[in-house]
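Student: Dumping what TrEMBL says about this protein:
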type: DOMAIN; residues: 3-310; note: domain 'Plant heme peroxidase family profile'
type: DISULFID; residues: C18-C100; note: disulfide bond
type: SITE; residues: R45; note: site 'Transition state stabilizer'
type: ACT_SITE; residues: H49; note: active site, proton acceptor
type: BINDING; residues: D50, G55, D57, S59, E70; note: Ca(2+) 1 binding site
type: DISULFID; residues: C51-C56; note: disulfide bond
type: DISULFID; residues: C106-C306; note: disulfide bond
type: BINDING; residues: P148; note: substrate binding site
type: BINDING; residues: H178; note: heme b binding site
type: BINDING; residues: T179, D230, T233, D238; note: Ca(2+) 2 binding site
type: DISULFID; residues: C185-C217; note: disulfide bond
Amino acid sequence: MMQLAAIVILQDSRRSSCPNVEAIVHAAVKQKFEQTFVTAPATLRLFFHDCFIRGCDASIMLAFRNNSAEKDNSDNLSLAGDGFDTVIKAKAAVDKVPQCRNKVSCADILALATRDVVRLTGGPYYRVELGRLDGRTSTKASVRQHLPNPDFRLDQLKSLFASHGLSLTDLIALSGAHTIGFSHCNKFTHRIYNFKSQNRIDPTMNLAYARHLKQECPANVDPRIAVDMDPTTPQKFDKFYYKNLQQGKGLFTSDQSLFTDARSRKIVNLFAADAAAFERAFVAAITKLGRFGIKNGKQGEIRRDCAAVN
């Protein structure tokens with residue numbers, strides 16, 4: 001069951017205490033994005049992982065000497081450093097303004113940066129609710145069973161997303177973030193080399209796409225090698241993720257299952273045909289996710305350093 005008590009309505013007091021916060025964060029994110037495109041998928045993925053584990057409280061940013069924090073869990077080791085760096089640079093830019101110093105949480109900055117990278121890659125602009133506090137707790141163990149696995153099928157995905165207050169439409173819309181995502185070879189190579197089928201390839205995968213992936217990820221390739229999740233427009237936030245699914249070009253089982261399962265196929269087809277419908281659903285879903293498990297009052301703080309509790 002969704003923990004309704006953990007969700008409160010966000011207030012926009014941060015905007016009044018630091019009126020230019022959005023412009024400051026945007027400038028820092030844009031500068032980072034212009035240095036490396038990885039800024040976009042890394043920041044977006046960081047937001048999802050943060051919200052899914054303990055709620056949107058920037059606990060994913062905390063670092064401990066004994067490597068016992070969320071980010072040290074094996075499921076988070078592939079989070080690109082550029083996402084963390086984006087938030088750190090934006091936080092420094094905000095705190096450089098005397099009126100804003102220690103007024104804006106790392107959790108709010110991560111939420112704003114996420115909106116900005118979506119926009120910078122051609123996706124929708126949306127209003128970000130502010131007022132989150134930063135959590136004081138982060139444990140490696142808390143990650144367990146809180147993140148979607150690349151091999152999940154629809155029932156497992158639905159159950160996980162429902163536990164975060166998200167519907168089937170939300171699940172499919174948020175999966176669309178993979179339109180600018182990338183993945184390391186070891187997360188999907190079993191679908192092209194070791195599947196239990198005559199040619200060892202997952203039968204739900206487009207054969208030409210499977211051959212392409214074999215070129216990108218030869219057997220025994222360095223596991224750090226990464227490939228784009230959207231082979232069509234990998235640096236554009238658009239509806240092609242869904243058009244790829246229609247053609248059997250979903251990189252993960254969890255992606256392709258959205259089309260192979262009749263219960264979700266209709267929504268995939270809608271988003272593939274109607275970019276505006278996808279964008280509306282994505283904005284609604286990411287806004288809903290941004291309210292999950294937020295800290296208020298004595299539950300949290302505004303960190304001076306995003307990587308350490310005060």
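Glycine is no exception: its Cβ is also placed from the backbone N, Cα and C atoms.
Unlike curated records, TrEMBL annotations are generated automatically.
I'm curious about the neighbourhood of these features; can you describe it?
Tutor: In the structure as shown, the Cβ atom of C100 (disulfide bond) sits within 10 Å of 18 other Cβ atoms.
Listed in sequence order, L79, A80, G83, A177, G181 are the same-chain residues six or more apart from R45 (site 'Transition state stabilizer') with CB atoms under 8 A from its CB.
For S59 (Ca(2+) 1 binding site), applying a Cβ distance below 8 Å and a minimum sequence separation of six or more within one chain yields D50, I53, A69, E70, D134, G135, T137, S138.
Residues near C56 (disulfide bond) in space but far in sequence (CB under 8 A, at least 6 apart, same chain), listed by position: F47, D50, A107, L110, A111, R132, L289, G290, R291, F292, G293, I294.
Non-local contacts of C306 (disulfide bond) by the CB criterion (under 8 A, 6+ apart in sequence, same chain) comprise A58, M61, F84, V87, I88, K91, C106, I109, D134.
Within 10 Å of the C-beta atom of P148 (substrate binding site) sit 18 other C-beta atoms, taking all shown protein chains into account.
Shown in sequence order, M229, D230, Y241, L251, F252, D255 are the residues of the chain, 6+ apart in sequence, with a C-beta less than 8 angstroms from the C-beta of H178 (heme b binding site).
Every protein chain considered, the tally of other Cβ atoms within 10 Å of the Cβ of D238 (Ca(2+) 2 binding site) stands at 20.
Counting every protein chain shown, the number of other Cβ atoms lying within 10 Å of the Cβ of C217 (disulfide bond) is 23.
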Student: Across the domain 'Plant heme peroxidase family profile' (3-310), what is the average pLDDT of the model, as a whole number?
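Tutor: That region's mean pLDDT is 94.
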Student: Near H49 (active site, proton acceptor), which of the recorded positions G55, C185, C217, T233 can be found within 10 Å, Cα to Cα?
Tutor: G55
Student: Rounded to a whole angstrom, what is the C-alpha distance between D57 (Ca(2+) 1 binding site) and T179 (Ca(2+) 2 binding site)?
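Tutor: Checking the Cα atoms of D57 (Ca(2+) 1 binding site) and T179 (Ca(2+) 2 binding site) gives a distance of 25 Å.
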Student: Name the residue among the binding-site residues T179, T233 whose Cβ has the smallest number of other Cβ atoms within 10 Å.
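Tutor: Among the binding-site residues T179, T233, the sparsest Cβ neighbourhood within 10 Å belongs to T233.
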Student: With an 8 Å cut-off on Cβ distance to the D50, G55, D57, S59, E70 Cβ center, who else from the chain surrounds the Ca(2+) 1 site?
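Tutor: For the Ca(2+) 1 site, the extra neighbours are C51, I53, R54, C56, A58, I60, A107, G135, S138, G293.
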Student: So of C51, C185, which of the disulfide-bonded residues has the fewest other Cβ atoms within 10 Å around its own Cβ?
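Tutor: Least crowded of the disulfide-bonded residues C51, C185, by Cβ count within 10 Å, is C185.
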